[in-house]
Amino acid sequence: MLSLIVLLEKETLRFSQMVLAWGNGRVGASGGIGIHFPNGELQDISLEFDKGCCTNQRTELYAILYAIQYIDDNFDLNKCKVMIKTDSTYSVNSITKWAEGHSRNDWCKRTGEPIANREFIQEIYEYYQNFNIDFEWVEAHTGQTDSESIANAQADFLANSAAKRAARDKKICRPSSSGSKRNSREFYCEKSSKQVYNTPYRSKSRASINGFPIDDDFEIELVKRRSDN
């Protein structure tokens with residue numbers, strides 16, 4: 001039985017300008033994900049987040065979805081068991097606890113308001129229902145020197161590389177010195193009811209450059225069964 005470990009990282013950079021936080025949901029936030037295969041079964045991924053409003057939660061979900069799709073493109077998910085380990089309780093609960101009820105309610109809350117991040121959650125949930133995929137919450141950033149922690153650091157590097165590249169390439173919006181206080185703070189993402197439900201980009205492109213500090217950890221363990229032949 002082939003055991004394939006996939007480590008993911010996501011990063012959302014926060015910019016400071018005029019004593020305002022430029023990141024995590026505001027215009028100018030930049031993010032990236034990193035996917036690392038310690039045993040080299042697949043090529044590592046360092047990818048910018050370019051799916052609209054950039055927040056921690058959206059980048060977390062995108063990292064999970066992209067990894068599942070990347071594995072699906074290279075392996076037969078019908079013959080695989082995928083374990084997704086993450087320190088993001090939001091991501092775990094969104095799929096394993098809340099998605100079932102939301103799907104029956106046309107992806108709306110009990111109040112009738114559309115759920116946030118539907119474009120990621122709905123597709124992840126479809127994979128979760130149709131394939132052998134499980135989620136587990138784990139503690140992150142243990143600071144250990146074991147092989148798994150070292151591999152995790154490489155995933156950190158990949159994510160930070162992508163986030164830094166995204167920050168460099170993105171035009172950052174800043175208020176003018178004469179702008180009103182109100183305008184200078186209007187850089188938050190629109191509410192979930194106004195989000196554009198775009199489709200995550202299924203790319204096979206890879207890139208890697210210098211890194212940055214990290215945020216949340218994702219680990220995916222894939223067990224691929226041997227051929228019956």
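Here, residue 1 is simply the first one shown, and the rest follow in order.
For all residues, glycine too, the Cβ spot is worked out from N, Cα and C.
These come from Swiss-Prot:
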type: DOMAIN; residues: 42-164; note: domain 'RNase H type-1'
type: BINDING; residues: GLU60, ASP87, ASP156; note: divalent metal cation binding site
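Sequence features annotated in Swiss-Prot and their locations in the structure.
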residue: GLU60; record: divalent metal cation binding site; DSSP (3 states): helix
residue: ASP87; record: divalent metal cation binding site; DSSP (3 states): coil
residue: ASP156; record: divalent metal cation binding site; DSSP (3 states): helix
Taking DSSP states H, G and I as helix and E and B as strand, how many residues of the domain 'RNase H type-1' (42-164) are helix, strand and coil?
69 helix, 18 strand, 36 coil
Can you tell which of GLU60, ASP87, ASP156 has the least company, meaning the fewest other C-beta atoms within 10 angstroms of its C-beta, among these binding-site residues?
ASP87
Need one number: mean pLDDT over the domain 'RNase H type-1' (42-164).
85
